[in-house]
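Everything below concerns the one structure shown next.
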Amino acid sequence: MGTNGTGPHGAGILRSLDGLIGDGGICPSIRSPDPKSKDASTCQRKRLQQQESLLVYLYTTLLNNRIQPEEDPCTGSIISPWIINSISSGREEEEPSALGLASCSAHSPSQVLEGPLLSSLSSVRTGLTMYVIEDKGGAIALMLASLLFLGTWPAVLTLLERRGRLPQHTYLDYSITNLLAAVLIALTFGQLGNSKDGMPNFFTQLSQDNWPSVLFAMAGGVVLSVGNLSTQYAWAYVGLSVTEVISSSMVVVIGTTLNYFLDNRINRAEILFTGVACFLVAVILGSAVHASNAADNAEKLNASNKLGANGSVEPSKGVLDKDAPKDLENGASGTKHVTKAEAGTAEYLIELEERRSIKVFGSSTFIGLGIVFFSGVCFSLFSPAFNLATNDQWHTLKDGVPHLVVYTAFFYFSISCFVIGIGLNILFLYRPMAGVPKSSFKAYLNDWNGRQWALLAGLLCGFGNGFQFMGGQAAGYAAADAVQALPLVSTFWGILLFGEYRKSSRKTYILLGFMLSMFVAAVATLMASSGHRSTK
């Protein structure tokens, strides 16, 4: 910042500061008849130094106290009486003329602490507004990050289930960090800086009468939590890849169509529904991949004489692992076997079945498919519910009440998701389903095997959903549903981590390649359909 006061505004600022400090005794010779004298020169330097100090003080006072400048009714200049009184060091009782701020007729606007100073100072703070994605590029970047996160967390939970950790324990850990992600997003992106016009920040909205929108957001959280809980069991019955492609197809067909109309058709229909068609083709290919891979596995088991007459798998004669987890409730010894078999072999499949926590061999395939379709319906509804919460297309809010911003809606959404997830899984501890052993809350607290991975999965899902909603608010929730191409990521992790499709037939590999290619096309076309929702 310059101390020379150059320019008309700078000159006015320095004259105003001179009015504040010139009579303070520091420069008694300021009005010396000889301005070229040594005393006058020294005094001038001291005055400039003190003016600079006062400018710095104004900056720090505004930033630390968040003072909002006010418009002077006489001059129209932006001033703050509180600031002037603070600088005058206890001279609050004096008239404005004693502070160098005389009446309008006595001084010109340039002699007042003018608008450009305090306006520029206040802009330092008001420039930090609530972070809202408004451009298409930022929305697409968020959707890509969401795609990665939402495609990864199912693989993490599947890994824990395959290692024998009880799904109730895993989901309880997952629920905690899933809520934590929403709180972090609300307190950072949703609370940073000032509110925008019609878009209050997070804390402001908590006290507003916006309960209709809050209920929509919480309804979305309920169906998402139930859907996620269902897929945790469907992964064991049907497999990671086919569960994700079926549920994702239902989201695209049902949820994306609903969002398109709720968003007042801001997405380009000819591109959007082309993407939907590509997604459906990919789903059909994904189902074909699963069927072909299941046939390959059955052939491997038959060739190894591991498949019983009733379709069940005969137990392997592996070596008992002394580190196998015990029954946490009764203290019984576990039966975990050391896995030395190569991925993709019959021995590997047998050992995996013995080790995992959800036993599904011999069960009807319709049970698994029923769970998958139920979860697909739940997933189809949570995004439209969130859309209604943030945009109020049904006009349920009172006049003058602003819409829920995406961060506040996501907070309420995650609260209900947390409550449902915790409540149901505490119930499942004592009344388990799908043949899972009983447990207790005490046993859950003592189970640290893989807890860090469950907590990571909750963070990935929480931030993935948050980024999806942030991108959808800007580009349209129909385009944001492109993240339902998450089977592309899940399949990658399935191949890399779990050896899915290892040693499968050539037919399976060809179908897998076509499926992944179609998923890429689906993501690209849905993102290309992005519109732009104005937030101004």
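Placed from the backbone N, Cα and C atoms, the Cβ positions cover glycine too.
Here the structure is a predicted model, which means the values were calculated and not measured.
TrEMBL annotations:
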type: TRANSMEM; residues: 139-159; note: transmembrane segment
type: TRANSMEM; residues: 171-190; note: transmembrane segment
type: TRANSMEM; residues: 210-227; note: transmembrane segment
type: TRANSMEM; residues: 234-259; note: transmembrane segment
type: TRANSMEM; residues: 271-291; note: transmembrane segment
type: REGION; residues: 312-336; note: region 'Disordered'
type: COMPBIAS; residues: 319-329; note: compositional bias 'Basic and acidic residues'
type: TRANSMEM; residues: 365-386; note: transmembrane segment
type: TRANSMEM; residues: 406-430; note: transmembrane segment
type: TRANSMEM; residues: 451-470; note: transmembrane segment
type: TRANSMEM; residues: 476-497; note: transmembrane segment
type: TRANSMEM; residues: 509-528; note: transmembrane segment
Subject >> Long-range Cβ neighbours of the transmembrane segment (271-291) (under 8 Å; 6 or more residues past either end) >> reply: 238-239, 241-242, 245-246, 248-249, 252-253, 256-257, 260, 478-479, 482, 484-485, 487, 501, 508, 511-512, 514-515, 518-519, 521-526, 528-529
**OP:** Tally Cβ pairs under 8 Å between the transmembrane segment (365-386) and each listed stretch (139-159, 210-227, 234-259), then give the stretch with the top tally.
**Re:** 234-259
Subject >> Distal contacts, the transmembrane segment (406-430) - CB-CB under 8 A, six or more residues away >> reply: 130, 132, 167-168, 171-172, 174-176, 178-179, 181-183, 185-186, 189-191, 202, 205-206, 213-214, 217-222, 224-226, 228-229, 386, 389-390, 436, 438-441, 443-444, 462, 465-466, 469-470, 473
Subject >> Tertiary contacts of the transmembrane segment (234-259), as residues 6+ beyond its ends and Cβ separation under 8 Å >> reply: 151, 154-155, 157-158, 161, 227, 272, 276, 279-280, 282-283, 286-287, 289-290, 293, 356, 358, 360, 363, 365, 367-369, 371-373, 375-377, 379-384, 387, 434, 472, 476-478, 480-481, 484-487, 490-491, 493-494, 498, 500, 515, 522, 526
